[in-house]
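> Quick one: structure below, then a few questions.
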Amino acid sequence: MADGSCLGSGPQLGLIALLVVLLFSAVPLAQSRELRFVTLVYRHGDRSPVHGYPTDVHKESVWPQGYGQLTQVGMKQHWDLGQELRARYKGFLNESYNRHEIYVRSTDVDRTLMSAEANLAGLYPPEGPQIFNPNITWQPIPIHTIPESEDQLLKFPISPCPAYVKLQEETRQSAEYINMTTTYKAFLQMVANKTGLSDCTLESVWSVYDTLFCEKTHNFSLPTWATADVLSKLNKLKDFSFVFLFGVHERVKKARLQGGVLVDQILKNMTAAANNASNGLKLLAYSAHDSTLGALQLALDVYNGKQAPYASCHIFELYKEDSGNFTVQMYFRNESGKTPYPVSLPGCAHACPLQDFQSLLQPILAQDWEEECQTTSFIMTEETIIGLTIGAIALFIIIVVLMLLSCNEPKDDGYQHVSDEGDDHETKGLAM
């Protein structure tokens, strides 16, 4: 009886196997793309209110460290983010801390500095020789900062910038701003009356929401006027205040003076990494504020209109593709425990070629920030101040010398008496 198998005999199987091997060897296997550089921009964790309001029964003393300080909840949020980053970049970053691979910069504010510390504790728990005390699963890792008054990279809005101030004045005359002011005029007045604030505007009301939000989060009682409807309106106005800062009117012009400054630095860092000029640096982290993320995302035109939550993180990943070209992928992590969601630059795919990424962002990059900000008429450099001081001293010396010379010259009497007898008139001489 004939065998019904279609596999054939042994020699035939060997021939088929050989053909399969030859076929796959002729088609090169795709190489995996390589992650080359990562930039993180994250907001600090949960904090106490930045300000109170006059009628608030919960004064600053109820917060263990006072206003604007990171809480234990915020510390845990950033430790969690550090753990998530450790898992995400396993195989890219060294398992243990390597100072050549990572650089962290923070604004010079307690809550951002402490958030960076908590983040690094989660990212790099000490291992082996890095353990200096077996009872402490932590190691010191440097965080760099500069004074707030000098920070023109992470502290927004950047000032002084007269051109930006002018744009904000124009924004207040925009239809959207006027409409919001008209719509919420009575509401803002009610909030002012209830809080005891003398001035409550679209630009300042965010602080009222912030205080109530922090108190609610930490289980403090809220005033009876702070109903769900009131909180909802305050939340909406708070979100508008962020858009007002960097959008609403002339978004691109504002970006050139604000968020574009940070974008420009991020692009320079990625370009250096693509050109193997980053000296082994793999990850650069910026610890900052919701206003930093707002300025950044509105400059990129990817802002979702909502205030960035605590410990949220905007991620830039630079990849080297099989072709040798580089691409940039962005992600936004805005919820703990959730995978960061992809963010695409308008006009480009999610994996955006680096050259296209740079080209699309050129309109928001200032060629000469000080000139565009018109700071030359506003800020005097140290050299200018020294020059003016020397000039003033020289002028003073010249005036003193001239006065002394004038005093030493012979003087004519201002009045002369006529000695004619019988004439008692005093004749006044001319003072020449």
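Just so you know, glycine gets a Cβ as well, placed from its N, Cα and C.
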> Swiss-Prot annotates one residue of N193, N276 as N-linked glycosylation site; which residue is it?
N193
> Which residue, chosen from N219, N334, is annotated N-linked glycosylation site in Swiss-Prot?
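Cross-referencing N219, N334 with Swiss-Prot, N-linked glycosylation site lands on N334.
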> So, three-state DSSP: helix, strand or coil for N179 (N-linked glycosylation site)?
helix
> Cα of C352 (disulfide bond) to Cα of N325 (N-linked glycosylation site): how many Å, rounded?
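Cα to Cα, C352 (disulfide bond) and N325 (N-linked glycosylation site) are separated by 11 Å.
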> What is the interatomic distance between the Cα atoms of H44 (active site, nucleophile) and D290 (active site, proton donor), given in whole Å?
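Roughly 8 Å, rounded to the nearest whole number.
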> According to DSSP, collapsed to three classes, what secondary structure does C373 (disulfide bond) have?
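Where C373 (disulfide bond) sits, the three-state DSSP reduction gives helix.
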> When the Cα-Cα distance from D290 (active site, proton donor) is computed for each of the glycosylation sites N179, N193, N269, N325, N334, which gives the smallest value?
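Considering only the listed glycosylation sites, the nearest one is N334.
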> Using C-alpha atoms, which one of the glycosylation sites N179, N193, N269 comes nearest to N334 (N-linked glycosylation site)?
N269
> Spatially speaking, which of the recorded positions N269, C313, C348 is closest to C161 (disulfide bond)? Use C-alpha to C-alpha, please.
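Checked the recorded positions N269, C313, C348; minimum Cα distance to C161 (disulfide bond) goes to N269.
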